[in-house]
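To start, the structure itself, in structure tokens.
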Ligand SMILES: CC(=O)N[C@H]1[C@@H](OP(=O)(O)O)O[C@H](CO)[C@@H](O)[C@@H]1O
Ligand SMILES: [Mg+2]
């Protein structure tokens, strides 16, 4: 049945997207990511792979061309599976194999993937493509199209799109429109309708007009917020900063910059207590922040967003009188104070998953309501289908306060992008919750105080010498490393530290938290030295960062 795959056409087309010799890449946590000039063949081949995956799943598959928060010169690509989820792990391996095959081996690799996965080759294939605003993205997405066309697949090129919008469209497309209309317009309609309903429900508390300042990282988020804004009918006005008209993508701005430097982005003027937020380059991450009257900067990261959302949803459930199982999923990078607050004050069960959205998403699917967020601001909430049906039914059946709460929850369900963590959707969620609660940004921030923490990177010859267990909180190899970390952690109060090989950069990441910034800094530095000594550090010995 392989006749249905025209390998002659593939070989001919592939010659126009030749692989540079010696280049080896891996489909990692966020797909392929590297300097844009090395990616042409990878894009073509991901077009090919998307066709096979589409045939196998008999569904529309998404391909997003983006390198998220990386520098403008980088680019990347990831595939989106039928329900808007990340690509299945076995196909990540196929992706790696396909990307690294020498040109002449390409037909053979395609055949072997098709056989291994029993791909019904005569089946039609549809691939939806989106891209971010990088200068290289347009040409690279053309290469994806070439790949799709070479295997006879149908292409819907949606052009400039945020990553979560692509996930949304793919999910809608494959669920017969039940999740919403499979267009960006459908996305704006679904989100704005839910937001306006919530704003109406909040307006009894006064404060009807809200403003928020958004740092768009000079990325695609700016374009899409401009498209969204008219739908919001002035219930929320957006002041866009770093909207791409002047600055460089992700340069001194964006969610990743703000979170890792713990300082405001360039170009953001903050009046005391003004709510501000930052998106990353493809708008799937968001962090909030503000300056207090004394001019001090306060970061509100993914953990505090998750806490606000988790707390609010739990309050609604109590009001409605439904005991559904709600869980919050975090990673080891979650601030210890957030975990403590959720577990001890809110009595919400908290779970720790491995780094990378797919692990969190997967765990969150186990709950009626699964809230998941990475500390860096990527996250969303998943509602089981039965919960969704039940809540919307209760919104009709219940009376008075209970009915009101069920209606709010029903609209909240629509406001989340359940296909993927989404800066636009999460921003609307936070704005709606603050309005409903009548809370200022300080009141939100005061839920708990973050433990001081520090993240460092250590360069080693081969980061794979470090393997971990217990959701990456403990190192199994190299021998002696965990014992060394345990010894160092003991020297400090309220302390915790762990190390893991990054899935997106060639470094080992070190995380430490403790009762003071000074202690967190020292602990992180000492752990870095232990990694350098025991895990084959290269280059200069880690220097103290203070
Ligand atoms: C500590 C940290 O922020 N790690 C990030 C980063 O992964 P690493 O495997 O740590 O490089 O990039 C991932 C993809 O964007 C993101 O999911 C994750 O949270
Ligand atoms: Mg991103």
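Using N, Cα and C of the backbone, Cβ positions are placed for all residues, glycine too.
Binding site for Mg(2+) per TrEMBL: 280, 282, 284, plus 68 from the candidate set 68, 495, 502.
Within the listed segments 328-355, 356-383, 384-411, TrEMBL records coiled coil for the stretch 384-411. Cα proximity to residue 284 (Mg(2+) binding site) (within 10 Å) is found for the following recorded positions from 68, 374, 501, 503, 509: 68.
Among 374, 375, 376, 500, 501, 502, 503, 504, 509, the residues given in the record as binding substrate, the maximal Cα to Cα distance rounds to 17 Å. Only 374, 376, 503, of the binding-site residues 284, 374, 376, 503, place a Cβ under 6 Å from an atom of ligand 1. In sequence order, 255, 256, 259, 285, 287, 301, 302, 333 are the residues of the chain that are 6 or more apart from residue 376 (substrate binding site) and have a CB within less than 8 Å of its CB.
Taking residue pairs at least 6 apart in sequence, the domain 'Alpha-D-phosphohexomutase C-terminal' (476-528) and the domain 'Alpha-D-phosphohexomutase alpha/beta/alpha' (56-104) share fewer than three C-beta contacts under 8 angstroms.
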